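Feature annotation from TrEMBL assigns region 'Disordered' to 1-25. Annotation comment: TrEMBL describes 7-16 as compositional bias 'Basic and acidic residues'. TrEMBL lists 36-442 with the feature domain 'Amino acid transporter transmembrane'. Taken from TrEMBL, the feature transmembrane segment covers 132-153, 168-186, 198-218, 238-258, 270-292, 312-340, 360-377, 383-407, 419-439.
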Amino acid sequence: MGIPLENAKDIEKPGNKIENGNGKTEDIEAVAKKSHKTSNLEAATHLFKGSVGAGLFAMGDCFKNGGLAGATLLLPVLAVICVHCEQMLIDGSILAVERTPGATFYDYPETVEKCFENGPAPLRRLSKLMRLIVEMFLCVTQFGFCSIYFVFITENLHQVLEIHGLDISPTLTMLIALLPAMIPSLMTNLKYISPVSAFANVALIFGLIATLTIAFTSGPMHSLSERHLFTSGTQMSLFFGTALFSYEGIALILPLRNSMKEPEKFSSRFGVLNITMAIITIIFMFTGFTSYVKWGEEVQGSITLNLNVEEIFSQAIKIVAALGVFFGYPIQFFVMIKILWPPLKQHLSYAQSHPIQTQVALRFILILMTFGVALLVPNLHLFISLIGAFCSTALAFVIPVFIDFVVKAQIPKSLTLWIYFKNMAILLVAVLGIVTGTYESIVEIVRAFYV
């Protein structure tokens, strides 16, 4: 495995050499860092983990809003646009690194900032603002993920508790989930909470396979003629938000590519990004199509809620799926803290002198805030549509298009008619999705809250 970085403190000094397998010598620090690079398969696994979560179980609702034919046709189109925008983000990051002496890697917010800094003169003053906007959207998205996790856990757990005679309110059920979630989320070191992510992914995959197995074996599937092939514009806007929420993994793209032994294979034609996203899209389509055909208009925001709660196996699936989401909460929460903590520490003198106490207090407040938002939003599927339409669309479509325009402006004759047409088409789709999806989600949330 090479030399672990944490065990090489005494020998990682300039001039220290080690012989490699080819008879040549290299810096020990370079060898140690190289040994920690990920393979193509490992990068694909991480991308899959980061892209498949609670949104996977909402695919039945996604197909209900889009219709069997509409969702089947549009989901791959959205996937292609997402991947193309991720490619534009990668190209922008590569160019920004090349034009910054000493730079080796930029994440999403840094890439936006550097691209605008190197862009046309009138846009350079917007670099800090654009970085702030991206960080804000990333933070709101992660905040939404954490709140959705609370709703997902509560709805599944509440069904199981009710069938066993524990007649408690959904609010109290959510409060029960709050206390265990708070303990790992208050930890300030990722190494103490990262081991649970493996169990979380296994639990989610088991929950999906078991749920679809029951869908196929618990009675006949309904005829396709009994389901809507296409839907109205109102429902289609909710489909758009749910689909974009499920594909939200753009913040992982640059860190994953940078961590690879062969980063050029991440975004090649048959590379990690294209192949993994194709597999994810197939899983989404199969899950959504099957769930909508089976349960029709009764399909829930999480397909596990459609299982017969009186059956022991169904109860086990609900609990395992809830545990999978529960153990994913600290990881999602850690991403939000990583965005918020550095500027807070920089501007608060107390945070600089008492970093542990301040960060724990920040975590405690944010956990209670995600809990509070989860209490206020009554329906899981509407919450997913809202976050997807507003934040995910901006991060996945709008910002990458801005980056592409700024990058192309730095290269002579790169802003061709095709680039203008293609980017404006993506922006048009994004703006329609943001406006209609956000509006319809808020209307439906208000309606559900007061009915």
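Cβ atoms here come from the backbone N, Cα and C positions, even for glycine.
The transmembrane segment (312-340) shares the most Cβ pairs under 8 Å with 168-186, out of the stretches 168-186, 238-258, 270-292. The stretch with the most CB contacts under 8 Å to the transmembrane segment (383-407), chosen from 198-218, 270-292, 360-377, 419-439, is 419-439. In terms of C-beta pairs under 8 Å, the stretch of 198-218, 238-258, 419-439 lying closest in packing to the transmembrane segment (132-153) is 238-258.
Of the Cβ pairs linking the transmembrane segment (198-218) with the transmembrane segment (270-292) and spaced 6 or more residues apart, 3 or more are under 8 Å, so the two regions touch. Cβ atoms under 8 Å from those of the transmembrane segment (168-186) belong to residues 150-151, 153-155, 157-158, 161, 192-193, 196, 326, 329-330, 333-334, 360, 363-364, 367, 371, 374-375 of the same chain, restricted to positions at least 6 beyond its ends.
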